Amino acid sequence: MYALSLIECAAVTLDTMKNGRKKTTLDFLTVVSIAVGCSVFIFSSWDETHFGKMGSYYINRTFFFDVHPPLGKMLIGLAGYLSGYDGTFPFQKPGDRYEQHNYMGMRGFCAFLGSCLVPFAYLTVLELSKSLPAALLTAFILIFDTGCITLSQYILLDPILMFFLMGAVLSMVKCNSCADRPFSASWWLWLSLTGVNLAGAMGVKFVGLFVVLLVGLNTIYDLWDLLGDLNLSLVMFGKHFLARVLCLILLPLTLYMAMFAVHFAVLNKSGPGDGFFSSAFQSQLIGNNLHNVSIPEHLAYGSVVTMKNLRMAGGYLHSHWHLYPEGVGARQQQVTAYLHKDLNNLWIIKKHDSNTDLSDSSSPVEFVRHGDIIRLEHKETSRNLHSHQHEAPLTRKHFQVTGYGINGTGDSNDFWRIEVVGRRTGKLIKVLRSKIRLMHVATGCILGSTGKTLPKWGWEQVEVTCTPYVKETPNSLWNFEDHINPKLPNISLDVLKPSFAEILLESHMVMIRGNSGLKPKDNEVTSKPWHWPINYQGLRFSGVNETDYRVYLLGNPVVWWLNLFTIGLYLLIAISTAVALKRGVQLTSEHKELSRVVLCGGGQVALGWLLHYLPFFMMGRVLYFHHYFPAMLFSSMLTGITWDTLLKFFSQFLSPSTKARRVYGVGILALILLIMYSFYLFHPLSYGMIGPMASDPSSPMAGLRWMDSWEF
């Protein structure tokens, strides 16, 4: 019943898109694609443990951190909320049973968007090639690809990203087809939809930038072509330019920022993402220890403070009675960064040249200013923050940081110059808002947190060092969070709350740092970009427990190897066609049309494949097989266009025309049947394998491990 309701929704959605034969074809393809992609697997899978949990956070309004923009998770949360999911499933590990939890709404939403890829690709290829068989071949490739089915039937960002990506490409192609009637209602519609889909793609994952680049290059080419039209006045050209600025820049940016506005408005409760953000931001979250707190605004000598490192998930400057072990620098008191609130995070700010008790109510208040030389005394142990030229415990060429002295009495290696980023000498220092760094006066090094975890002797806390490399990085920047000084008036932290623009900028900086810092987990199967087009290695997806995986993400081998072969074939055909046209070879009208399809239609799709594949070779973050699927959509469309063109070209040399049509039809049908037969063989990869592992001769999949690198 659930699959039928999805099919009905798809049919209604597509009913307005086309009429007659094309509409019937589209309805059939959508029905088949949803039916093929429908999932009834009752176990949580791979990344469902992340994105399903994030959907729960939206329902519970709990703040979290993710390396991707929020739109995909918001839509998953909305789908769960509307379908009756209460946000209580823990999503702890793959293989957990959903039991009574209503997960089908979230999965069904992703399955529906995944099924829309088929009509989107069909309509795009139909527009580019004007060939129904080419569009059908592309549609069947996507319908019967086991990889696309697997990705679409779970709670993942990938089907949502690919939906907006293909929506942007279809809208761009449709807008290009309206070039002969600019500023008409249909032209404005498709141009605006292109902008909306660009915002959607960017709002799901940052790799949506690749389709933004594709549309941008298409727009530049379009405008350059218009500029060369001498029949077009400069005023009219200006209107074209402004229309594209409005629909392809301003509209997507507005929608993109609106997503974050909704994101921050919904997630207003303290949660697991607090520590990734600044103290000023955390003070706005209900339940956070900084929420609705009143503290003195400006730092003064005698204040008791905590200092938080600004690196992602940075800890608080911390010390305790334990000493560094023998052989690890000087055997003095440990100084670390600690991720949790603790009394050992408290420090007293004192003048570097005085031991006067500044807590005396009769002593005047003296504020700390940018450029002052200070001493930080650990409140619990009365030892000073200290550095010297002994090497740090873990990081070579960095200096060790310790707690030194007795009752605040130490030496000149306890002196630090406090500097505020972007401030002039003498300016006051604000809690929460001022980004400060501490420069060691004696050595010139900068206090920082490396992010490395100390061994058990350091209680597995984070290493703090003094780095001689004077760089303004989050590792070496701090802010004051807690601030206690009875002699100063308190202010509400609402006065210091960051603006939306500041929160937006901060969230992007945190996401970028999070992306670049992604490392593979233990026993996790990662891959390299050259693995992807050859279908070298899949990804264990879901099963009854953490070791017995029954769903395996792997592309239909015939589809993927056909796509790979076609990319090389297309390059050969395109180069040959371009050379023939350049040499002035006389072509029939049919051959000229085929040449246009190859160079223009195929060229746009080939460019899309390059833009969605080549950048991954330059990425430093951990990569997975599923990152190739946006590029796979373009290679599938290129396969449809290339083989249709090639078969038409060769069939035109045959006579009579009925024989030519028969050869052409048999060629297209043979490709479709080959794809369907391969799907018949490999469909258990998507729907759940039974029996022993394929390495066992008695397994139903035993003969299908065509590559040793496949792990099913």
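Every residue, even glycine, has its Cβ placed from backbone N, Cα and C.
Look at TrEMBL and you will find 296-352 (among others) tagged as domain 'MIR'.
If you look up TrEMBL, you'll see 365-421 (among others) marked as domain 'MIR'. Per-residue confidence over the domain 'MIR' (365-421) averages 92 (mean pLDDT, predicted model).
With DSSP classes pooled into helix, strand and coil, the tally for the domain 'MIR' (426-483) is 6 helix, 27 strand, 25 coil. Here TrEMBL flags 426-483 (among others) as domain 'MIR'.
Under the heading transmembrane segment, TrEMBL lists 26-46 (among others).
For 104-125 (among others), the entry in TrEMBL reads transmembrane segment.
Look at TrEMBL and you will find 132-154 (among others) tagged as transmembrane segment.
The transmembrane segment annotation in TrEMBL covers 188-221 (among others).
Packing against the transmembrane segment (241-267) from elsewhere in the chain are residues 57-58, 61-64, 69-71, 74, 183, 188, 191-192, 194-196, 198-200, 202-203, 212, 215-216, 219, 223, 273, 500, 503-504, 507: each is 6 or more residues past its ends and has a CB under 8 Å from a CB in it. According to TrEMBL, the transmembrane segment annotation covers 241-267 (among others).
Positions annotated as transmembrane segment by TrEMBL: 558-581 (among others). Within the chain, the transmembrane segment (558-581) has long-range Cβ neighbours (under 8 A, six or more residues past its boundaries) at 141, 144-145, 147, 533-535, 587, 595, 598-599, 602-603, 606, 609, 632, 635-636, 638-639, 642-643, 645-646, 671, 674-675, 677-678.
For 593-616 (among others), the entry in TrEMBL reads transmembrane segment.
The transmembrane segment annotation in TrEMBL covers 628-651 (among others).
Sequence annotations record features per position, and here TrEMBL assigns transmembrane segment to 663-683 (among others).
Residue counts for the domain 'MIR' (365-421) under DSSP, split into helix (H, G, I), strand (E, B) and coil, are 3 helix, 29 strand, 25 coil. Here the transmembrane segment (188-221) has Cβ contacts under 8 Å with residues 68-72, 157, 160-161, 163-165, 167-169, 171-172, 174-176, 178, 243-244, 247-249, 251-256, 259, 511, 515, 604, 607-608, 611-612, 615, 627, 630 of the same chain, all six or more residues outside its ends.
Ranked by number of Cβ pairs under 8 Å to the transmembrane segment (593-616), the listed stretches 132-154, 628-651, 663-683 are led by 628-651.
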